[in-house]
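Encoded as structure tokens, the structure appears first; notes follow it.
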Amino acid sequence: MSSSRPVFRSRWLPYLLVAPQLVITVIFFIWPAGEALWYSLQSVDPFGFSSQFVGLENFVALFHDSYYLDAFWTTIKFSALVTFSGLLVSLFFAALVDYVVRGSRFYQTLMLLPYAVAPAVAAVLWIFLFNPGRGLITHFLGEFGYDWNHAQNSGQAMFLVVFASVWKQISYNFLFFFAALQSIPRSLVEAAAIDGAGPIRRFFRLSLPLIAPVSFFLLVVNLVYAFFDTFPVIDAATAGGPVQATTTLIYKIYCEGFTGLDLSASAAQSVVLMFLVIILTVVQFRYVESKVRYQ
């Protein structure tokens, strides 16, 4: 039986090929993570010139801080809303475009447009539309007697940042979902249709199980996106307000480190966030991926 394992003429060539990625990983991932862990155990002055080892005092103070605990639960709620809303909406549009025969190319282009917009620009766009005084959407809502002011209403502020974050991520999710649906053999779809399965039943019984690997991949990607890459949206749209209603962990790390100049607390919070994401990712790979069947 022949082996498909590649054979290199030089024993050092595989290491040479891996070296650039290894260097990037060490410089931009492992080293900063190690620095954050070290600073989290220190009491550092605002300019970082002097430090004193304090052990776990920063973490103890962290979990006795009511504002941090509020940000923690806000992050869990915000990430769940962004992740699952983004996946469901993207999958819905991908299924619709996959079902459409005429004009599908136009709809594909339309769905990919948000991907070209920077997160901060996306937030500003929706701020204009939801502006309490002159926004087009708020004017429309006012016609139905609904007052909108996300600067004063915490629920509306959360809706705005979730909506803008989901809108920004739709294109990425749509691209993978649509490609996965297009890769399903047409013969299977036609056979299911001949057996009497309607479009909805074909989707849930045939298409959805076949795209499970892609769905799992997007679940992990969207979770990381919600934890880290939504910072520009929150900063531009609400700045964490009102009354810290939209302050997530990543935004609180920024406020502590760059606004409050408390490097030790900021480092401790970043370490907690790092381990939280690692735990959630491991749980997903352990329990969610076990339900996925790769073919």
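Cβ from N, Cα, C; glycine included.
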Arg205, Arg9 - same side of the membrane according to Swiss-Prot, yes or no?
yes
Outside the transmembrane segment (263-283), six or more residues from its ends: residues with CB under 8 Å to it:
33, 35-40, 42-44, 46, 48, 54, 58-59, 61-62, 68, 220, 223-224, 227, 249-250, 252-254, 256-257
Range from 12-32, 158-178, 208-228 with the greatest count of C-beta pairs under 8 A to the transmembrane segment (110-130):
158-178
Go through the chain and flag residues at least 6 beyond the ends of the transmembrane segment (158-178) whose CB is under 8 A from any CB in it; none is fine as an answer.
77-78, 81-82, 85-87, 89-91, 93-95, 97-98, 108, 111-115, 117, 119, 122-123, 125-127, 130, 150, 211, 214-215, 217-218, 221-222, 225-226, 230, 233-234, 237-238, 245-246
I'd like the per-state residue tally for the topological domain 'Cytoplasmic' (179-207) from DSSP, helix first, then strand, then coil.
22 helix, 0 strand, 7 coil
Restricting to the topological domain 'Periplasmic' (131-157), what is the model's mean pLDDT?
90
